[in-house]
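Undergrad: Here you go, one structure.
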Amino acid sequence: MAHRAGGRALCLLRGRLRLPGPARLGSSGAAVQRAPQAAGAEEAGEDAGISARKKTFTEVQTERLEQAEQTVLIKCPPKINEKKLLQYLSSHGNIKSHFFFENHGIHALVEFSEKNSIASLQDAIGIPSTAEHYVVPFKSRLFTFKLKNPVSQAAEETPVHLSPQSHIPVNELIQKLCCADSISTQMYILLNEYQLTEENIKLRFLACSLVRDFARAFFPDSTVKPFGSSVNTFGKLGCDVDMFLDFHDIQKHATMMKKGPFEMEYQMKRLPSERLATQKILSVIGDCLDNFGPGCSSVQKILHARCPLVKFSHQPTGFQCDLSVSNSIAIRSSELLYIYGCLDSRVRALVFSVRCWARVHGLTNSVPGTWITNFSLTMMVMFFLQKRSPPIIPTLNQLKELAGEKDKHVIGGYDCSFVSDLSKIKPTKNTETLDVLLGDFFEYFGNFDFRKNSINLRKGKEVNKPESSPLYIWNPFEQDLNISKNVNQPQLEKFVAMARESAWILQKEDKTQRKINKEPWGLAAILIPFGKSNPSKMKNRMKGIGSETIRSLLDSLKLNTANTVQKAAGK
């Protein structure tokens, strides 16, 4: 297939990411960085990657959560003898995996093969003593490793390899992109630099597992699971961790036991609404994390939002976290994106490139506002890929047709059914390269009729806007919601102008001449803010967009006037 050439070129360029066709996926569903291997090992690894890629979203999450329960996080001294640390920990059980990372000091994430190894380790660890503070005696899986004789052991200590937990700056990325041989290769390089690593994913699940330890003090059968960008294969290094407190296991046992003439049920607190129960639960958990949670700081309880949540900073892992209560539709959205991301390597490469482009040009922002969100932008990319001929990914309605009995879900009256088994989805026959797709994406939305049409992933086609919001993207499941309702007209016009400018650059530029002149080309060229290099051109393009908006308003007024006259004549 034509699009595979970019992946193979990247393999030769980097030697650490192999993307022949659909991306090699780890058990997380995200492509992971690989060190060079021997040919035989690579083939074995590819077979394992194919097997892992076919795992369902639920299977992957279950596996990750089990791994997290067997994991501890250790704060280490500035210099550490890795061999001696592992030797000490191994006395409590077999170590399955480990890595070191920097976050206000060196930390080690250590995964044991057995869960009881952690209990053994906890029994051998002392409680800190200090004259200045009183410690809250909560035995978590966060430990501090100290050297008894740091001076005498200094000579034995060697630097450890640190796993990166953030992506490289854009200016460094642009330099790497300029060394590529095609735009497709550039896009895979960006994907490799920005996507979540295997280590970072493990750290995210551990953060959820540590919060779960607190929640289980009140709700023993509850779990805490990540959702959104941490699990949908579109997460970027450095993104927040969205997690939710899940009571599904409790609800399974909520039905009354019926044996003979007797009925038994739990006595539970009764509240007038689910929302009030959610607010009370989060309020208690928030206070618990704030008062007793080691490493939990800046705790904010935002209980009156549409979706109540607790925001906090988890210092040991370095993540900003948002905790909510069972959000089933958000989980289904995460699974839908997981499926799309696993179907074809081009999907994730295009999303990462477009989102990086949008961030560089100020079209998206980490702070809530009137700009397009990453989720809305991702939905636009998915819609664009559904519109290709032949389509690269199926519509939600098509996935629903493939759903089995276990895939049927109705949540709050909304049909959230779609197939979970990836092997039931036929691969696309589309062979377009990423070079073509990137340029066509900007051209498509640079000329999209946002005045009349909305974006509907369930149907995979434009439909008339049900209301006058500048940008209307149907929520895939809650069909009465517009996920881009926050976007105002100036922000939409800016997006259109940037898309047109980018399409023009990709079409007109001379790659060979730019490489000779050592100028950024292809993807690298559109990751440089346009206003810095050609402010007059951008001003004219923005003026053009504004003129079109005025013309469209005048056309709308003329049409309304004509309709009024016609109705009057009919009477």
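For all residues, glycine too, the Cβ spot is worked out from N, Cα and C.
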Undergrad: State the residue range annotated as region 'Disordered' by TrEMBL; the candidates are 24-50, 132-158, 402-428.
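TA: When 24-50, 132-158, 402-428 are checked in TrEMBL, region 'Disordered' belongs to 24-50.
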Undergrad: For the domain 'PAP-associated' (436-471), find every same-chain residue at least 6 residues outside the stretch whose CB is under 8 Å from a CB in it, and list them.
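TA: For the domain 'PAP-associated' (436-471), the nonlocal Cβ contacts are 183, 187, 346, 350, 353-354, 372, 376, 379-388, 391, 394-398, 479, 482, 484-485, 487-489, 491-492, 495-496, 499-500, 502-503, 506-507, 523, 552, 556.
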Undergrad: For a three-state summary based on DSSP, what are the helix, strand and coil counts in the domain 'PAP-associated' (436-471)?
TA: 11 helix, 8 strand, 17 coil
Undergrad: So, by DSSP, how many helix, strand and coil residues make up the domain 'RL' (56-124)?
TA: 30 helix, 20 strand, 19 coil
